[in-house]
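Chemist: Handing you a structure now.
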Amino acid sequence: MTLRHCVAVDLGASSGRVMLACYAPEQRTLTLREIHRFVNCLQKQGGVDTWDIDSLEAEIRTGLNKVCEEGILIDSIGIDTWGVDYVLLDRNGARIGLPVSYRDSRTDGVMARAIEQLGKADIYGRSGIQFLPFNTLYQLRALAEQQPELIKNVAHALLIPDYFSYRLTGNMNWEYTNATTTQLVNINSDNWDENLLNWTGVSAAWFGTPTHPGNVIGHWICPLGNQIPVVAVASHDTASAVIASPLASQDAAYLSSGTWSLMGFESKTPYTSDAALAANITNEGGAEGRYRVLKNIMGLWLLQRVLKEQNVSDLSALIADTETLAACRFVINPNDDRFINPANMSTEIQAACRETNQPVPNTPAELARCIFDSLALLYADVLQELATLRGKPFSQLHIVGGGCQNRLLNQLCADACGITVVAGPVEASTLGNIGIQLMTLDELTNVDDFRTVVTGNYALTTFTPHSCHEIARYRAQFQQKRLTKELCA
């Protein structure tokens, strides 16, 4: 029996994994095994939030070497990460400085100037991408204005997954799904938009033509001397997660739940109407020419920060405590831009409740309950915005990613949205990464074919809405909470 062994490098903003997939084509069985896990976190360098890119590369190589040490012949490798951040290279291909995190404050005020100078409708008409203050469009302008002495030495800019592929193969690539997150790709041409790039103040020569998922970038030479193909997968982690979302029909929506929550639906055409602009809907690139019509929600970033600040290590116990608390005593707008990177998340949440004359959550369970209720209510609002945009309601919501393990949040989401929620798979980004590799190896025909493999190998859990739940009755009041300055508005 012939087996295919593919390795997925899946990097998130808080952790990274090297995962080994084993696929049996005849039985269509697909298994995953974690080979190596490591921490990823922001580090301050000269007062700037940066990524320790060299440490991450070392961890990736450690994971790949571990697979080889087991005597496994790897058929291919794929890398997916978060979007918008980039690495600068000189003409010799050497790294210049450390990549700055999208959570750094250097872009403060830049988006507002772009809108004033270029026009919001023009930017959106060109890119189809939502307005987020950390988009690469604004990061590059901040770079050009704040570090002009640096850019004269730059020859190339690679997005994070493309940089790691370059380090493994020596070949540069600009993968399309991740490139679209920059707000610099023209939605009609699938190439870099000349006007938007000109506004950044950096050279268009830094960027090569974007390539769609499924091409071989080059080869990594393993310690045994074998040349292993490195595939350009859908390198934006959400794009990979959507590929692995077992969407039952065209009327199914998805929610990729992790540090960020990305809620949306698939479409063969983009949505760039005035209504889409008003709702700040994004049209990010997907596999096979599909668009990921979605909206960013701050997600479990709030919980991750609270857990760290409150020294909570047992999440299951915390959720059990949280479940005993009354719903909607404390409600915030998770997308308020005050929560993007506060000095202390717990204190910021408490301040937001205090300022709106609510009870103040003090215990870890109360803070978690505030986050879960608030996210569920925001999910319901965004799902309604998306349904209005497409002109018809959704039949199901598929929650994938690490956040889908939170049964309480899944049920609250079903109750608030009034829709059936199907949770799983957990390892959606990794699976979507593997799916593109298997298509590149000619083991699968397309995304829909791969989704049948996912449903045949991974258990899904269904959550039915309870229409009488208090959270469903609170939605009208929540609308008032959203009258704040939203990050993603």
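Cβ from N, Cα, C; glycine included.
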Chemist: Pick the one from G119, G125, G402 that Swiss-Prot also lists for the ATP site with A13, S14, S15, G16, R17, T259, Q304.
Modeler: G402
Chemist: In Swiss-Prot, the substrate site includes H236, D237, T238, N296. Which of G83, G93, G435 does it also list there?
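Modeler: For the substrate site that includes H236, D237, T238, N296, Swiss-Prot also lists G83.
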Chemist: T238 (substrate binding site) to Q304 (ATP binding site): how many Å between their Cα atoms?
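Modeler: About 19 Å separates the two Cα atoms.
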Chemist: Spatially, and counting Cα to Cα, which of the recorded positions is closest to C370 (disulfide bond)? Options: S14, S15, Q304, C417.
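Modeler: Smallest Cα separation from C370 (disulfide bond) among S14, S15, Q304, C417: Q304.
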Chemist: For R17 (ATP binding site), which of the recorded positions C68, G83, C222, D237, C353 has the nearest Cα in space?
Modeler: D237
Chemist: If you count Cβ atoms within 10 Å of the Cβ of A13 (ATP binding site), leaving out that atom itself, what do you get?
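Modeler: That number is 21.
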Chemist: Compute the C-alpha separation of C353 (disulfide bond) from C413 (disulfide bond), stating it in Å without decimals.
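Modeler: Roughly 21 Å, rounded to the nearest whole number.
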